[in-house]
Amino acid sequence: MDCRKGNSSGSVLFFLFPVFVGAMGLVGVQGDGNGEMALSLGSKNKYKRMDSELSDDFEDDASHHHHQLGRKKSTRKYVLACAIFASLNNVLLGYDVGVMSGAIIFIQEDLKITEVQEEVLVGILSIISLLGSLAGGRTSDVIGRKWTMAFAAIVFQIGAAIMTLASSFEVLMIGRVLAGVGIGFGVMIAPVYIAEISPTVDRGSLTSFPEIFINLGILLGYVSNYAFSGLSVHTNWRVMLAVGILPSVFIGFALFIIPESPRWLVMQNRVEEARSVLLKTNENDKEVEERLSEIVHAAGISNGEKNEEKAVWRELLSPSPSLRRMLITGFGIQCFQQITGIDATVYYSPEIFHDAGIVNKSKLLAATVAVGVTKTAFILIATFLVDRVGRKPLLYVSTIGMTVCLFTLSISLAILGKGQLGIAMALLCVCGNVAFFSVGMGPVCWIVTSEIFPLRLRAQASALGAVGNRVCSGFVAMSFLSLARTITVGGTFFLFSLFSALSVAFVYKLVPETKGKSLEQIELLFQNHNEWDGSEMELGDAQHLVHKA
């Protein structure tokens, strides 16, 4: 058939069509019972209706597109709000770490505590917080992720109030213990909740929010130290600690906004409620149904009934090969995050700068503010890059950079002594160390731990990883002063640099790239033993992701 001829005929018919229909009307040709003309050419009414339908279709498409854009914006705002509110508990940990670095100077002077008591007071929070993390895994499976965060805030508030009013070292320790338990709950549950509620494409950046808020808390703690240091010794450290209660107050408001985790709802066989949450946190209905189907399958639910499963802790204590690899990765990266000395750098930065030659207390606290600003600024870089370049590249940059900075700091403190050059090098290396930590090891550690475990084990396995993190943090914080006195501050940071070098090898061998994969696909990655090189995605999964995109 000649297309050009057809087009020409169509044009002629188009122009003659009204005339022809009018003529037919004059000779009395009638339509059928449906209002259609008996002749195949149609009628005047049909011509008008086709034109109307085209216009309506165009308007419908434009309306649908506008609706989709509106839903996309509202969904992103909603998920962002959930991530922010879920991360508020992490401000408490950061604030405590930052404020205690300066407050301990005045506590020591006011309550006349010994060096050993100082180490215990600083480090006990990390040790005790592991109890909160351990209990948090089970609690979040029973009462839900959302209400576990609320419980964490309440416990911390009680502990912070007791510390503020403490008149002796013993009372101060009671408040410190309670605050540690509350922090343990909050640190463990926030990344898990955010990972479970976030869309796949934004999960990395959103799951880094808890680390952002830890850094924000550290910075606020440093600023609080500097701002209230001019008050009397009996008052200033109490005000510093009391300010830490404020962030937890906002968590009460958050409970009216954030929903429960859809994955926890599925575990409770509340599938319709889970679908309702997914509709609020995903941009299209097709993705909602895909995610819901994956979650239901991962939870072991068929036709609304739970299958028989081994007890969670029995499975963790007697893991399958794939689960064993997950545990090694999750527990290992949490331990490496702390044994590289980040908490020692943050808690004892005034001691480090004092060893480098800064004597004035105000200048010491001002230098720590610079550390806090650096740490907070660079975590934002990680947030923008983690879903673009991936987890492993950021971990490589982070661990290698930390190793260089820690080694240089140890050499600087050992050789340069207390001079202007030594002070400058110490400040540069400490800021460089926290910057590289914030770019990778800080946020990515929590992201990976919240991603790699199966749904039925995620909360309690993540809690186990958090326990490793808190034990190592406490060990480093409680031993730093004694170790520095034995092998010098420079020697201690040389030891940290060796651990940091080992972390590079650990990332290369045992940490997989999880960018762009759903939580359920990551579980399959660990199950495929042939692909266990920690770096490649399965071809089938990659094709699946391309197809979805």
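Just so you know, glycine gets a Cβ as well, placed from its N, Cα and C.
Owing to the predicted nature of the structure, the values given are computational and were not obtained by experimental measurement.
Look at TrEMBL and you will find 12-29 (among others) tagged as transmembrane segment.
Feature annotation from TrEMBL assigns transmembrane segment to 78-108 (among others).
The domain 'Major facilitator superfamily (MFS) profile' feature in TrEMBL is assigned to 82-515. Summarising model confidence by region, the domain 'Major facilitator superfamily (MFS) profile' (82-515) averages a pLDDT of 84.
According to TrEMBL, the transmembrane segment annotation covers 120-137 (among others). Same-chain neighbours of the transmembrane segment (120-137): 93, 96, 100, 104, 107, 113, 148, 152, 155, 169, 172-173, 176-177, 179-189, 343, 347, 459-464, 466-467, 469-471, 473-479, counting only residues six or more beyond its ends whose CB sits under 8 Å from a CB of the stretch.
If you look up TrEMBL, you'll see 149-167 (among others) marked as transmembrane segment. Below 8 angstroms of C-beta separation, residues 86, 88-89, 92, 132, 136, 139, 143, 174-186, 189-190, 193, 238, 241-242, 244-245, 248-249, 251-252, 254-255 of the same chain, each at least six residues beyond the ends of the transmembrane segment (149-167), sit close to that stretch.
Residues or ranges marked as transmembrane segment by TrEMBL: 173-194 (among others).
For 206-227 (among others), the entry in TrEMBL reads transmembrane segment.
What TrEMBL records for 239-258 (among others) is transmembrane segment.
Summarising the annotation, TrEMBL assigns transmembrane segment to 364-386 (among others). If you look at the transmembrane segment (364-386), the same-chain residues 6 or more away from its ends with a CB under 8 A from one of its CBs are 98, 101-102, 204-205, 208-209, 211-212, 215-216, 218-219, 221-223, 225-226, 229, 345-346, 349-350, 353-354, 358, 394, 427, 430-431, 434-440, 442-444, 447, 515.
Among residues of the same chain six or more beyond the transmembrane segment (393-417), those with a C-beta under 8 A of the stretch's C-beta atoms are 340-341, 352, 355-357, 382, 385-386, 425-426, 429-430, 432-433, 435-437, 439-442, 444, 488-494, 496-497, 500-501, 503-504, 507-508, 511. The transmembrane segment annotation in TrEMBL covers 393-417 (among others).
The annotation transmembrane segment is assigned in TrEMBL to 423-449 (among others).
Per TrEMBL, the feature transmembrane segment maps to 461-481 (among others). Sequence-distant neighbours of the transmembrane segment (461-481) (same chain, 6+ residues past either end, Cβ-Cβ under 8 Å): 115, 118-120, 122-127, 129-130, 133-134, 136-138, 184, 187-188, 191-192, 316, 326-327, 330-335, 337-339, 341, 343-344, 347-348, 351, 445, 449-450, 453, 492.
The transmembrane segment annotation in TrEMBL covers 487-508 (among others).
In this chain, the transmembrane segment (239-258) lies close to the transmembrane segment (78-108): three or more C-beta pairs between them fall below 8 angstroms, excluding pairs fewer than 6 positions apart.
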